[in-house]
Amino acid sequence: MALATPIKVILGSIAFGIFWILAVFPAVPFLPIGRTAGSLLGAMLMVIFRVISPDEAYAAIDLPILGLLFGTMVVSVFLERADMFKHLGKLLSWKSRGGKDLLFRVCLVSAFSSALFTNDTVCVVLTEFILKIARQNDLPPQPFLLALASSANIGSAATPIGNPQNLVIAVQSGISFGMFLKGLFGAMIVGVLVNACILLGYFWKVLSVEKKDVEVASTVPSEVVADDEVISHRFSPATMSHFTSLGSQELEAAVEAVMQSNSVSASLGGVGDLSFRSRRYNSESEIQTASPDLKEARADGAVRTSASIVSVEVTSSKRFVRSLSSRQREVLRDDLSISEKEIFGERWKRICWKVSVYLVTLGMLVALLMGLNMSWTALTAALVLVVIDFKDARPCLEKVSYSLLIFFCGMFITVDGFNKTGIPSALWDLVEPYSKINNAGGVALFSVVVLILSNIASNVPTVLLLGARVAASAAEISPAEEVRAWLILAWVSTVAGNLSLLGSAANLIVCEQARRAQFFGYNLSFFSHLRFGVPSTLVVTTVGLLLVTSR
């Protein structure tokens, strides 16, 4: 493609430059409007500068990619509600044998879950959990945060739904889900293991905690983090009290008894002397907010103090029951039996709903493996989940990242306008003769170009700029080489995100989530990530390329 007129080249470059600056540095002092607004600004400038027409701008928006992205985000929201990520969190801490074992688990769990639920989602829901587990075992957070971000990026390379650039590649290339998985799954497995070995070698000393120290730490109630505290990325100060970390059956039974006595007293309409009302609490949050002294007693006998409160509540409840007449006791038994039936019914409804969510998700994955249209498959699964939820879908749909969808719309227009200037084609024409993927030198040069561009222009714009050109060049050799070219592009552009903190959105999510975490905040700096990211990216990319090109 020849270069456009000089005025179009200049104006198109200005528009793309503004988009690039705001995409890579969303909080620049002179225009701190963010990535989403920056992509829309770049798109608008492309139209205002007449680099592309309004009709061409609308046509540049790839609806199948947006549909696939929207569908997978909705499915991820329902999976989170169905406690899928809670189970992943429990898998991390189950019978852990120290820092090295925990680090290896983080690598595996984040990699495999990212292949199915996208790397960004996994990083959002697991970051704060990993911070708390590290604190529980008196371990530094840095190796585990790096393991989460880097393994999530590597694992997401295995499937078309693992990350946004793979979505673009799958839609533009027409490669089926099964072929994509077959071509990159082996490279992903080896890449995750190599990355884990690099992490272990890099942090071997800081992870070498004596077994006795770990056992002692695990026996101290003040250091143990309860399951309820570490299963979700949404936390409130009320749930950080020691009451949630006791986990004793006696406390749970007593609180349940108190709650039942509350409901009974309401049903009896004030019968009897209810002088113990001043001691009762209507919810766990009131227990926590009404006991500030107990919160401070965590390190020196919080369990005994809580047990005494429980005994008072149970004793009060028994006295209340004995003071009732026979008729009132019958009413009490009927009320309790109805409450138990209602609780039992709601519990079974919850279990059936969760099983339905898992089955729908499994059906979506099977449909994708069968080669059905990926965009409509994801949208169908999302709408089926909305229907079986049988309630207003607005709360779930509000959790979808619409800003990301809008960012993609603006990026499609901006990149298409930049392509029409002819600059990307002219640059590719200079590199293309030396980047043939049917020889080792060509693959190496092509990979270096993708690594550099992915960290300068981000991986999704890099795929949009190079994808069609690389595929056309490889198609001249053979159709099999064309498929291989797409897979190489997917692998390199994804792993390239581990090079620096700015190379991937998943890295930034981990960094921000860790920095803002309540009570467990940690700042993952740019250079601390870079020291690990450069060697890991180069080694993992090379090892993966050997497997992808040898298929």
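Each residue, glycine too, has its Cβ placed from N, Cα and C.
The range from 131-149, 511-529, 530-548 that TrEMBL describes as transmembrane segment is residues 530-548. Across 59-79, 183-204, 357-388, 440-466, 530-548, the stretch most heavily in contact with the transmembrane segment (400-419), judged by Cβ pairs under 8 Å, is 59-79. The transmembrane segment (7-27) and the transmembrane segment (357-388) are not in contact, since fewer than 3 Cβ pairs between them lie under 8 Å (pairs 6 or more apart in sequence). The stretches the transmembrane segment (59-79) and the transmembrane segment (357-388) meet in space: the count of Cβ pairs below 8 angstroms, excluding pairs fewer than 6 apart in sequence, reaches at least three.
Listed stretches 357-388, 440-466, 486-510, 530-548 were compared with the transmembrane segment (183-204); the greatest number of C-beta pairs under 8 angstroms is found for 530-548. When each of 357-388, 440-466, 530-548 is checked for Cβ pairs under 8 Å to the transmembrane segment (486-510), 440-466 comes out on top. For the transmembrane segment (440-466), the residues of the chain that approach it from at least six positions outside its boundaries are 20, 23-24, 163-165, 168-169, 408, 411-412, 415, 418-419, 424, 428, 431, 434, 488-490, 492-494, 496-497, 499-500, 502-504, 537, 541, 545, 549, judged by C-beta separation under 8 angstroms. Remote same-chain residues near the transmembrane segment (530-548) are listed as 146, 150, 154, 157, 183-184, 186-188, 190-191, 194-195, 198-199, 202, 443, 447, 451, 484, 487-488, 491-492, 495-496, 498-501, 503 (criterion: CB distance under 8 Å, separation of at least six residues from the stretch ends).
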